[in-house]
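Annotation source Swiss-Prot lists domain 'ABC transporter 1' at 14-249, citing sequence analysis. If you look up Swiss-Prot, you'll see G46, E47, N48, G49, A50, G51, K52, S53 marked as ATP binding site. Swiss-Prot lists 264-506 with the feature domain 'ABC transporter 2'.
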Amino acid sequence: MVSSTTPSSGEYLLEMSGINKSFPGVKALDNVNLKVRPHSIHALMGENGAGKSTLLKCLFGIYQKDSGTILFQGKEIDFHSAKEALENGISMVHQELNLVLQRSVMDNMWLRRYPTKGMFVDQDKMYRETKAIFDELDIDIDPRARVGTLSVSQMQMIEIAKAFSYNAKIVIMDEPTSSLTEKEVNHLFTIIRKLKERGCGIVYISHKMEEIFQLCDEVTVLRDGQWIATEPLAGLTMDKIIAMMVGRSLNQRFPDKENKPGEVILEVRNLTSLRQPSIRDVSFDLHKGEILGIAGLVGAKRTDIVETLFGIREKSAGTITLHGKQINNHNANEAINHGFALVTEERRSTGIYAYLDIGFNSLISNIRNYKNKVGLLDKSRMKSDTQWVIDSMRVKTPGHRTQIGSLSGGNQQKVIIGRWLLTQPEILMLDEPTRGIDVGAKFEIYQLIAELAKKGKGIIIISSEMPELLGITDRILVMSNGLVSGIVDTKTTTQNEILRLASLHL
């Protein structure tokens, strides 16, 4: 609810001051501040576990703060639900979109607040009002289209338009570009800037440092539940922000490339997948100890390559040769037996069993190998291997019985990589391995990948982050519309060259 506290000077739309929140045995927020001006885009940054989510849950009334004050447009607020916050002008666009896929766009826009004509929903008015908002924000989507037929970026636009329809003054955006193409990101940024022009205060959460400098005016950094700093972006460098986030200076974003790739271990020739639209005539070699990147725009069929190699997609033509011997992976089990491992793109939906413990998640890809002679599971060896995953992958956890869903994204990813290493692969394929992972944890993942390459593993990495590919790979295979448009040496190529190749067959 909104109290009648005396308004502040009006410099800020939102003032969260001295916010404290504790849970049993843990002080989650310790005197945290967040102040957002109108007509501004404010980055909220910190590693996973820094307190960003807890702070926002206190704002939305999901958690009740222990102490501190929250002022919105000069008046003290104390919301008890996200619905109450939304109705009072504070909205959030979540990373996991909150739309009903079976309903139309305009149904989603006005859900639970439909305009009516007598006893019936006024469909014409709903269409007109949706279209008017879309026109104002330059959103080209048919209000009558079913949401389930739209792209992720279009769904993001609907969420933003929905916030606009509530006349939101504060809009919080949580990793809004994680699944968007560069063109879609630019369109999203245009809409965000329109909201800024109209007087909104935008709180922008992202692990993509380049976006923060491209878009935001100010930044607030949290670390270990404490407020570290609020500063204008203009006076900061990327290294300074990283140092504030992690509490130390990161002298380098990527490990040194000390490894020299060896002989060819994998030869792929004219690989074509059966499912349409498909990859066509994909050819490349992978060397022992090499890190091969795969670049391309969304829709380039990068993931199709590793899924075909892993037996998830059926190939219709081409050959796969491992150590000079031609093989066929008809399914994932055959691929594992041939020494392939695949860390999938969607960590939470296809990579982990969030409500089960680290032990289960560490062993599930290799569980059949833990049966003893009488068919029972060897619990001692299972515990030992789980501990190996925790130790060798440097997983930060109280123990192997910890629910994996409670870990940070970086630690979840380490468990997944460790799980696959238990299968003793020669070829490790990673699809967007650092998506949604904070900057400190990213470096740890890069170190693990570099160490595995040094041990002779052949590694294939798909990434939408160009600095990541240029920073950790030896060569980059560029895809465009299902075709290989080039393979470049990372030492001599440029981002512009990769983007040119990625657009070659569009």
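Sequential numbering from 1, following the chain as shown.
Here the Cβ of each residue, glycine as well, is placed from N, Cα and C on the backbone.
Around G46 (ATP binding site), the same-chain residues six or more apart in sequence whose CB sits under 8 Å from its CB are K52, V221, L222, R223, I228, M245, D438, listed in sequence order. Cβ contacts within 10 Å of G51 (ATP binding site), excluding its own Cβ and spanning all protein chains shown: 24. G49 (ATP binding site) carries neither a helix nor a strand DSSP state and counts as coil. Counting Cβ atoms from all protein chains shown, N48 (ATP binding site) has 18 others lying within 10 Å of its own Cβ. Proximity of G49 (ATP binding site) to non-local residues of its own chain (separation of 6 or more, Cβ distance below 8 Å) is seen for D224, S408, given in sequence order.
The ATP site, placed at the center of the C-beta atoms of G46, E47, N48, G49, A50, G51, K52, S53, has further neighbours from the same chain whose C-beta lies within 8 angstroms: L222, D438.
Around S53 (ATP binding site), no same-chain residue six or more apart in sequence has its CB under 8 Å from its CB.
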